[in-house]
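Trainee: Copying in the features that TrEMBL gives for the protein in this structure:
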- B:65-82: transmembrane segment (TRANSMEM)
- B:94-113: transmembrane segment (TRANSMEM)
- B:119-138: transmembrane segment (TRANSMEM)
- B:150-168: transmembrane segment (TRANSMEM)
- B:174-199: transmembrane segment (TRANSMEM)
Amino acid sequence: AIGQTRHDEL
Amino acid sequence: MNVFRLTGDLSHLAAIIILLLKIWKSRSCAGISGKSQILFAIVFTTRYLDLLTSFISLYNTSMKLIYVGCAYATVYLIYVKFRATYDGNHDSFRVEFLIVPVGGLAVLINHSFAPLEILWTFSIYLESVAILPQLFMISKTGEAETITTHYLFCLGLYRALYLFNWVWRFYFEGFFDMIAIVAGLVQTVLYCDFFYLYVTKVLKGKKLSLPA
């Protein structure tokens, strides 16, 4: 889930 | 999304808007480090390249666009529109001493050796130290306008709130990102000295000035 969170946080 | 993330984002947004309004209303960027603002523009540009590759939510996309847009607007105001008021002599921090090591570190320590990943990592590392030219400028001139200290406070508070967000995410989602957490800790620590001065001086109605 690392990649997804990468884009989710600012 | 949790309460720390949201208030962190809003605090970040407040910081950006405060700075833009300060420059716009006073028609002057005196006391503001243009170098820090260029670094933040680089930070947002390299981090939000994912706008082109993935869609998360309307909130996510609009905030990213606002951050990037405001960062470039700020740089424009400092270096073009109100250039005459820019205090370049006091803005003498050597940014290559930040960019080169941070770039090297991003290539060495990242989650995967792919262009977008390295740029994301670079932006995280660079953000953690991007405020140094501004803090250096204040230490050089020995003072800061009160509105500038409000800007710095909101900007520091944002990353501190993100730390709580990561604790939350670790407990409730089992998620943690070591790169973001370590860089976020470093970033928050850099503000500690300033936080102390803000609470002991600015909040008591005094101007922030450092002893000579």
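For all residues, glycine too, the Cβ spot is worked out from N, Cα and C.
What's the neighbourhood like for these features in this structure?
Mentor: If you look at the transmembrane segment (B:150-168), the same-chain residues 6 or more away from its ends with a CB under 8 A from one of its CBs are 2, 4-5, 7-9, 11-12, 14-15, 18-19, 22, 131, 134, 144, 176-177, 180-181, 184-185, 187-188, 191, 194-195, 198, 202.
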Trainee: Considering only Cβ pairs under 8 Å, which range in B:65-82, B:94-113, B:174-199 makes the most contacts with the transmembrane segment (B:119-138)?
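Mentor: The stretch with the most contacts is B:174-199.
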